[in-house]
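Student: Per TrEMBL, the feature compositional bias 'Basic residues' maps to 392-411. Per TrEMBL, compositional bias 'Low complexity' is recorded for 412-457. Feature annotation from TrEMBL assigns compositional bias 'Pro residues' to 458-476. According to TrEMBL, the feature domain 'Protein kinase' maps to 13-290. Here TrEMBL flags 320-393 as domain 'U-box'. Taken from TrEMBL, the feature region 'Disordered' applies to 387-485.
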Amino acid sequence: YSYEELQAATGNFNPLNKLGEGGYGPVYRGLLDGIPVAVKVLDTSAGCLQGRSEFESEVRILSSLHHPHLVLLIGSCPDRAVLVYELMRNGSLETHLFSAGAALRAGPHTVGLTAGLSWQDRVRIASEVATALLFLHTSLPPVVHRDLKPANILLDAHMTAKLGDVGLASLVPTLARPAGHSAGADSRLVGTFEYMDPEYLHTAQFSPRSDVYSLGMVMLQMLTGKRGKQVFSQVEAERRDPLGFGPCIDPRAGTWPVAEAAAFADLALRCASPSRQDRPDLRSVILPTLMQLKQRTRLYDQQPPPPQQLQQEEQQQDVNVPPMFLCPITQDIMDEPVVAADGYTYEKLAIAEWMRRSSSSPLTNLPMKNTNLVENRTLRSAIREWRERQQHQQHQHQQHQQHQQHQHQQHQQHQQHQQHQQHQQQQQQQHQHQQQQQQQQQQQAKEESAVAQAAAQAPPPPPPPPLPPPPPPPRPVARADSGGW
């Protein structure tokens, strides 16, 4: 791809499209030819032309690695050291193990957030990671991951585990080192300390068994749900006490049977041994043990979810398909599952076409002993029953939706009827109030008219009576003389 194409696909590397910051640089969500992709911009200084040429050679090798448990490298932009991957949708293993509640931190290749993992899922994921590592180690040329950790174990839409950042530990030094520098011992340590092989720390020399150590540490963290190198000593201490094993198991994994958890823990401790020579072989020990544990998980029926959870699951549009129902080659639900000589189950047509072109297993990359295909009738019956349940649940969901729509319509009609009645009552009250006001006004007008008429018909008031005459003035009185006769 050209850099301009990747700029257009990511909105000019818009920060809003940034999915995360990986160990080798930022990752952006993009859309190329209508396909969602993850665009990783490698954080490295500009190298010389020879380094760029080696980078292109490495990319061609990595892009030829196709496996159901590897994140697909779609393409690159060598001029700017940009890689284009398929976009994963269910987060990273780190997200599911260490993030609390809904505040899940999406990984660099993810677009969504998901719930926790059961112990059966953890065993299955460990086996899928081991399968991918064996494929890498037996490829030509062999590929060592060198940075295996939960953040680089990604989960697709079907919760299938896929390794990410494959080969980046060799790509980035290729870009950064000067011309003529050979890739023997590392001039700088590559990887994450928590999962780094102790011998690699001392010698700067890596090997496939360095990945085995990282796998062991990842398994211990899957067992305990805890970070840090100290999980090794914690689990080891509990395994020394036959009666004390159990408290270290992550309770969020569900009821992990002690025997199965102990076998898982013992294998993880052996893988994470400080000495490389003490670590088990991936092909002859690790993968067969994990496959046996994976087969034994089917003996334990998971508890049925509560009715409320069933209702919530029925309301989800996306159906979670059990990973065992998917063909490892096509990633589609199988119609005719058959078991091949490598012990894995495939869709009949897919594995037949694969064996026509190759004599090695599509999962382990090991030679097939024969071309016999045995019908997996048990799995076929389980797939048919699952499909019938899905159809029944879909039918119930449709009926439930129709019932809800009918209730909603009735509720709306009831509300409209109530609103209509309230409106009529308000109109009646207003009409009555207006009538009362009119009656009061009419009564008041009548009273005022009656008063006016009465005042007009009343006789004039009589004149006031005449005033009495004033009294006469008093007469003078004669006074006798004091001499008299």
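Glycine too: its Cβ is placed from the backbone N, Cα and C atoms.
Tell me what's around each of these sites.
Tutor: For the compositional bias 'Pro residues' (458-476), the number of residues in each DSSP class (helix H, G, I; strand E, B; coil) is 0 helix, 0 strand, 19 coil.
If you average pLDDT over the domain 'Protein kinase' (13-290) in this model, you get 80.
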Student: In terms of Cβ proximity under 8 Å, which residues at least six beyond the ends of the compositional bias 'Pro residues' (458-476) contact it?
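Tutor: The answer is none.
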Student: Tally of helix, strand and coil residues over the domain 'U-box' (320-393) according to DSSP?
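Tutor: The domain 'U-box' (320-393) comes out at 30 helix, 12 strand, 32 coil.
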Student: Using DSSP, break the compositional bias 'Low complexity' (412-457) down into helix, strand and coil residues and give each count.
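Tutor: The counts are 46 helix, 0 strand, 0 coil.
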